[in-house]
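Colleague: Handing you this structure, nothing more for now.
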């Protein structure tokens, strides 16, 4: 494989190839991993800064969301024909943009309802196969865009930023997937087949968990409600497996990352604090570890929050919000699993009850 071909692989795959190879092949793989990370980081900085420069600082978050979507769209389609997929992409961005304007104007209960519905629609449109990762990409994008709300004169730049996002992502979607799934239409994906559909139950759990975590954060009124949403999303992304262990890894990573950030702020000169986010962003691109990703993510989030709340309050808020978001998500997951098990038990015993009733009547 050429260096360019190696750069298209994930960090986890490249690390495995490094372990399995030696000599020139290992050096080439190591160089590909480092070069991939440097290129991604530089492109992300330029791309997001471009959105901030053209449409205002708040729309830098639209740039962040569309950057994540762009990276995903290169490799993962929506599972149906590309013309329908372009329509779905437009709907996804319209939901993000519209609700980033309307949600702050609504009572908190209506926000909860609309968040559940919007997330469920977005997940149905984009995530036929949870293992491919679209669920996390589009849920993250929804949270970040709707949390950075705009009003008045800020509405038009938000619209232009979303339109540019559609053009960029749409071009890549068309170029990469125009020959895929030509016979599959979008309504075959949207069709509800019942609660026995494991993918739908996962989508519903993720939408509910994120929305209720955001609801709790908004109800608490102490800032950065989106951190609860991110934490809930992170815990609920796996379709199967022990969610509690994943939540604990996230919480431990957040505690370590937050404390490490506070320590760096104390030890480093103030003029060097800005470098923490790009350095840890570089490290984030090298690790396939969920725990270390949770650690490194804290630096970017706290670099921004520090200017709003101060170092110690931001650190405490980061830990508290993540803990509450994770607990909320686990409670929702447990409750929905209990409801599903009771439903299964009821369905399994119903034919037996009917047979018993028929036997009594015959007797």
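Backbone N, Cα and C define each Cβ position, glycine as well.
TrEMBL lists these features:
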DOMAIN    212-332  domain 'Integral membrane bound transporter'
TRANSMEM  33-52  transmembrane segment
TRANSMEM  58-76  transmembrane segment
TRANSMEM  83-102  transmembrane segment
TRANSMEM  108-125  transmembrane segment
TRANSMEM  137-154  transmembrane segment
TRANSMEM  160-177  transmembrane segment
TRANSMEM  251-277  transmembrane segment
TRANSMEM  289-312  transmembrane segment
TRANSMEM  319-340  transmembrane segment
Colleague: May I ask which of the stretches 33-52, 58-76, 160-177 has the most CB pairs under 8 A with the transmembrane segment (83-102)?
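Modeller: The listed stretch sharing the most Cβ pairs with the transmembrane segment (83-102) is 160-177.
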Colleague: Summarise the domain 'Integral membrane bound transporter' (212-332) by DSSP state, stating how many residues are helix, strand and coil.
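Modeller: Residue counts in helix, strand and coil order: 105 helix, 0 strand, 16 coil.
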Colleague: So which of 33-52, 58-76, 160-177 is most in touch with the transmembrane segment (137-154), counting Cβ pairs under 8 Å?
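Modeller: Ranked by Cβ pairs under 8 Å, first place goes to 58-76.
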